[in-house]
Amino acid sequence: MKTLFDTKELLNEFDINLIGIDEAGRGALAGPMMMAACKLNKQLDGLCDSKKLSEKKREELYEIIIKNSNYLILAFSSEQIDALGLSTCLKKGLKLIKKHFKTENNFLYDGNTNLGINGIKTQIKADTSILQVSAASILAKVSKDRVMNFLAKDFPCYEFEKNKAYGTKAHKEFIAKFGICKLHRKSFKLL
């Protein structure tokens, strides 16, 4: 089992023991932030950063990933984010992921900081080059989008099914017109 990451080696070799981690909804103005961790059982084709895939393709890959991996998806509500802060939620998520997979290392988190959690390596844009992180990216993004599509039915004036609660021009205009709802993150600058 590898415990230290050599990115060039990982790009050329599929590591079945690697657990990729990513999140979706970190910068959204409303709704949950989803964190996902994924340990693929085999190499899968078509995986890349979820933001580079169509919604239809993400949904297709989501179903393939969950059938071919050990994974964990966590949700942090807007209330938790407001009460604890993003960094604390992310730290809590990383700790829960380590506990779930019952290993101390061989984790790769997309980004530039492991928030002080030992055994978790980081790499900027890992979701574009490491299959397990791409898979985690897809799991997190699809989960976040599904939640926002569901919640959109109760809050139609914000069009969450379209903007997924991100700070688009239209979403900010809806906040200015209708005010915030209980899903909005009050600790964020919303306008």
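The backbone N, Cα and C atoms fix where each Cβ goes, glycine too.
Mean pLDDT, taken over the domain 'RNase H type-2' (16-191), works out to 96 on the 0 to 100 scale. According to Swiss-Prot, the domain 'RNase H type-2' annotation covers 16-191, on the basis of sequence analysis.
What Swiss-Prot records for Asp22, Glu23, Asp110 is divalent metal cation binding site. Around Glu23 (divalent metal cation binding site), the same-chain residues at least 6 positions away in sequence with a Cβ under 8 Å from its Cβ are Met33, Met34, Met35, Ala36, Leu90, Gly93, Asp110, Ala140.
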Entry from the binding-site residues list Asp22, Asp110 having the most other CB atoms no farther than 10 A: Asp22
